[in-house]
Ligand SMILES: [Zn+2]
C-alpha cells in the first residue's frame, strides 16, 4: 500500500472537481495537506477537509504575493483547532512581484505576523520562497521558528543546509525530474526530506495539470539519488511529515 503524504498541494484549485476528489481518496495516498494562497479559498479548504476527514488536512495562510492578511486572520482564528499548519506563507522576490526594498519589507511583515500566529497556535509553517531562499531561512531562524517546511525550495544548497541545521524540512515536488535543483536532493539528509506535489502546479511534465498521485515521481527521484528503495523513501518521508505536522498523527484515517 502507498502511504505517501502530500505535504503541500492546492487541492482547492478550480482545476479539481468533485469526481476528482473521490478518485483521489481511493488513489492510495495517506494524507493530503491542502494549503491556501488567499483567504477566498479558506472556506473551500475547510469544507474539503470536513468532507474527506482524516485524509485532506487544512493549512491556512496568506501567500507572499497576496495582500489580504487582515481579512484572513479572523478566519484562521475561527478554524484554528482544525488546522495542521499555517500556510502557505513566505517570501517571493521574483522581479514580477517586487520592484524595490519596500515591497520586500511588506512581504517580510506579512510573514512575521503569520509566524507569530503559528507560534501562538503551536503549528508548523508551510513556506513558499522564490528567489528568496536566503532571506526566508534567515528570517525564520531570526524569529525562532522551530517547525517549518520549505516547499519547492529554489535557493542554494548551502542556504538549505543552514535550514537543516535549524531543523527545517524540505519538500520535493515531481517537477524535480526536470529542475535545476536536483543537487539539493543530493545534499539534504533524507531525515529532512518530505514529499509534495504543489498540484496543480510543478508536475513532472510542464504545462500538464499535476495531481497528488504524482507524488510517486518525487519518491522515485529521491530514491534514485539517495540509492535507497522507494519503500524506504516512503517510510522516512512519511515519518518526517508526521513529526513536522504532529496533529496528523491522531487525525489520519488508517
Ligand atoms: Zn504552493
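Note: Cβ is positioned from N, Cα and C throughout, glycine not excepted.
No curator has checked TrEMBL annotations; they are predicted automatically.
Residues or ranges marked as divalent metal cation 1 binding site in TrEMBL: 8, 10, 88, 198. DSSP assigns residue 8 (divalent metal cation 1 binding site) to a strand. In sequence order, 33, 35, 87, 88, 126, 149, 151, 152, 171, 173, 196, 197, 198 are the residues near residue 8 (divalent metal cation 1 binding site), counting only same-chain partners six or more apart with C-beta under 8 A.
Only residues 6 or more beyond the boundaries of the transmembrane segment (20-40), in the same chain, are considered here, and those with a CB under 8 A from a CB of the stretch are 1-12, 48-49, 51-52, 55-63, 66, 68, 71-72, 75, 84-85, 87-88, 126, 211-213, 215, 238, 241, 245, 248, 252. Residues or ranges marked as transmembrane segment by TrEMBL: 20-40.
If you look up TrEMBL, you'll see 128, 151 marked as divalent metal cation 2 binding site. Cβ environment of residue 128 (divalent metal cation 2 binding site): 63, 64, 87, 88, 89, 90, 91, 92, 151, 152 lie under 8 Å away, each six or more residues apart in the same chain. Under DSSP, residue 128 (divalent metal cation 2 binding site) is assigned to a strand (E or B) in the three-state scheme.
Per-site Cβ counts within 10 Å over the binding-site residues 10, 151 peak at 151. Looking only at other Cβ atoms within 10 Å, the busiest spot among the binding-site residues 88, 198 turns out to be 88. A coil conformation is recorded for residue 198 (divalent metal cation 1 binding site) in the three-state DSSP classification, outside any helix or strand.
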